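Per TrEMBL, the features are:
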- 1-32: signal peptide (SIGNAL)
- 271-295: region 'Disordered' (REGION)
- 271-288: compositional bias 'Polar residues' (COMPBIAS)
- 447-486: domain 'EGF-like' (DOMAIN)
- 451-461: disulfide bond (DISULFID)
- 476-485: disulfide bond (DISULFID)
- 499-519: transmembrane segment (TRANSMEM)
- 584-601: transmembrane segment (TRANSMEM)
- 607-628: transmembrane segment (TRANSMEM)
- 644-665: transmembrane segment (TRANSMEM)
C-alpha cells in the first residue's frame with residue numbers, strides 16, 4: 001500500500017507480517033542473455049552514459065561521477081563496467097576503483113583521511129577492477145537515483161605539465177541493464193514461501209527476510225515506521241520447488257495514529273504561555289478530543305507533533321530550513337516532536353546536511369534529557385520503547401541533549417534524495433515521574449550547504465557538474481586533507497606556510513637584475529616586461545597561499561593569468577632580443593607574440609605547447625639570424641669567446657635547468673622551493689642572455705635622455721650589422 005501518510009504529516013504504521021505485497025511467484029530473473037525462455041511479464045531496458053576519462057585520485061573532483069535512475073518495478077539490475085586503456089609505452093594495467101550508492105553520490109575516502117567532528121557517513125559499495133570488464137547483479141533494487149563513481153589509484157602528487165609528457169588515457173563507461181515487471185500481481189500470501197520485504201540498496205541492505213515453511217504456524221513480521229508515501233515491495237518465492245503450485249493466505253494488521261500539526265492557531269494560543277515554558281510549565285498538549293485539520297473530532301489518539309517547516313532556497317545546493325513563525329520547537333515527554341525536511345528535489349543530494357540543536361541548560365533538570373533522531377523516509381517515533389534510532393529500512397543518526405551537553409551537531413555529506421525527519425522527545429530515564437510535566441524549547445539550525453564550514457581556512461569549496469547534476473567538493477591546500485580539509489596529519493605549520501610564501505614571492509626580486517641590465521643597455525621594452533612579470537608573479541603567489549599567509553590585491557584568476565602571461569612573454573622578448581633584429585621588426589614581433597600568448601592562455605593556460613610553441617618559434621628566428629651572420633662574416637657568431645663562456649653558456653645552462661625542474665621535478669610537497677628556484681633561474685638566465693649594448697652607445701644613455709624631457713632616445717641604426 002502507499003506509505004501510511006495522511007495529509008501533510010502522515011501516520012505512524014506498525015505492520016504485522018507485511019503491507020501491500022507486490023508478488024512474483026517465481027525465482028529472481030536471470031541476467032540478460034542467459035539463453036532461457038523469456039517471461040512475457042518481464043521487459044529489459046538498457047541505459048548508458050557518455051564515457052569519461054579517469055584520473056588518479058587526489059580529491060573528490062578526481063573521481064568521475066555517473067547518475068542513473070532505476071525505474072519502478074525493477075526486479076533485476078545488471079551493471080556492466082568497462083575500462084578502455086590507451087596504447088603506448090606509458091600505459092600499464094592499473095586498478096580501477098568503482099563505488100555505488102543509492103540516493104546520493106558515494107562518500108569516498110581512498111586516502112584514509114579523517115572526517116570532521118560530528119560527521120556521519122553512509123558507506124558505499126566498493127568494487128575494484130583489475131581487468132577491462134566487470135559486471136554484477138542487484139536483485140530487486142530500490143527505484144530512484146543510483147550513483148556510480150570511479151577513479152584510478154591515488155596520485156603521486158607530481159605536478160605534470162599538460163601535453164608535454166606522454167600519458168595514458170583510461171576511459172570508463174558503466175552501462176545499466178534493468179529487468180522490469182510489466183504486470184505486477186497483487187496476490188494473497190500462503191506457505192511455504194520465502195518473503196523478502198523492501199528493496200535492495202548497496203552496501204547497507206535493510207531488507208527483511210521471512211521464511212514460512214511450517215503450514216501450521218503463522219509467520220509474523222513487525223515493521224516499525226515503514227517508509228511514507230511510497231509503495232513497499234514484497235517478493236514471495238516458493239520453497240516447494242519449480243513448477244509446484246502453492247496457495248497461502250495472509251493477514252495484514254495496520255496500527256496508525258494521527259499527527260497533531262502545530263498550525264498558526266496553535267502558535268497564537270501558545271504564545272501567551274511561552275514565558276511559562278522556560279520555567280517548566282508545559283504548553284497545552286493534544287488529546288483524543290482535539291480537532292484534526294478538517295475541524296472534526298479525531299477518532300484516535302495523536303502520536304506526534306508535526307511542526308511545519310519552511311524551505312528557503314538560498315543558492316545552488318544551499319537551502320535553509322526553519323519552523324514557521326518561531327525559532328524554537330516545543331519538545332515534551334508525552335509524544336515526539338517531528339520536523340520534515342524536504343530533500344527530495346533530486347538536486348539536494350550533492351551538498352551536506354548540517355543539523356544543530358541546542359537547549360538552555362538552565363531550564364532543564366540534571367536527570368532530564370532531550371533525545372533526537374534523524375532519519376530518511378519516515379520518522380523515528382519509538383523513543384519510549386527503543387533507543388536504537390532505527391526505522392523499518394533506515395539506520396538513523398541519534399543525538400542527545402542534557403544540562404551537561406546542551407548542544408549537539410550532526411553533518412551528513414551527500415544526504416539521500418528523500419524526505420528527512422528530525423524527531424525529538426524529552427526522556428527521564430532515572431526519574432520518569434519528572435517527565436510528566438517536563439517541556440523544553442529546542443533551538444534548531446537546519447541547513448543544506450555545498451561544503452561543511454566552507455572547507456575551512458585551508459580548503460576551497462568547488463562546485464562540480466555531471467550533465468545537469470551539481471555537487472560540491474573540497475580542494476585542500478598546505479598539506480591539509482580530508483572531506484572538509486580538517487585532517488592535519490600532513491599539514492604545514494604556520495611557520496612553514498610563511499616560509500613558503502616568502503620563498504615564492506621574494507624569489508621574484510631576482511628579476512631586478514635583468515631589469516637593471518636592460519635599462520643599462522637601452523632595452524626599455526624588455527625591462528618593462530621583466531618588471532611586469534616580477535610584479536604579478538609576486539602577488540599571484542602571495543594570493544595563492546592558504547590560511548593566514550595570504551594576500552590578494554586582485555582577483556585570483558586575474559593574478560594567475562597575468563603571471564602566466566608575463567612568464568611567457570619574458571622568454572619571448574629575451575630570445576628575440578638575442579636575435580639582434582632590426583628595431584622595427586623586433587618590436588612588431590614583440591607585439592604579435594604578446595597577442596598570441598594572450599589568446600593561447602585564454603584558451604588553456606596550463607597547456608604546455610601554448611607557451612612552448614611561440615618560444616620555439618622565437619628560438620628558430622634567433623638561430624636563423626645567427627647562422628646568417630656566420631655565413632656573411634665567415635666566422636662564428638657571436639665572435640667573442642668571452643661572450644660564450646661568461647654569458648651564453650651560463651645563461652643556457654640556467655634555462656635548461658629551469659626547464660628540467662618545471663617539467664619533471666615539481667610535486668605538491670616541494671612546490672614552494674622548486675618553483676622558487678624556477679623563478680631565480682628564469683630571472684638569472686634572462687640577465688645572462690640579454691645582448692650587449694651597442695658599442696657606440698653610452699651606459700644608461702636611454703635613461704639619461706628620458707629624464708631630460710626634451711627628446712626620446714632613438715637608434716635607427718640597423719642592428720643587423722652591429723659588431724659585438
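Cβ coordinates are placed from backbone N, Cα and C, and glycine is handled just like the others.
Secondary structure of the domain 'EGF-like' (447-486), assigned with DSSP and counted as helix (H, G, I), strand (E, B) and coil, comes to 4 helix, 20 strand, 16 coil.
Long-range Cβ contacts of residue 461 (disulfide bond) within its own chain (separation 6+, distance under 8 Å): 450, 451, 454, 455, 472, 473, 474. Averaged across the domain 'EGF-like' (447-486), the predicted model reaches a pLDDT of 92. When Cβ atoms from all protein chains are considered, those within 10 Å of residue 485 (disulfide bond) total 29, not counting its own. Long-range C-beta contacts of residue 476 (disulfide bond), restricted to its own chain and to partners at least six residues apart, with a cutoff below 8 Å, comprise 59, 455, 458, 459, 482, 485. Residue environment of residue 451 (disulfide bond) contains 23 other Cβ atoms, counted within 10 Å of its Cβ in all protein chains.
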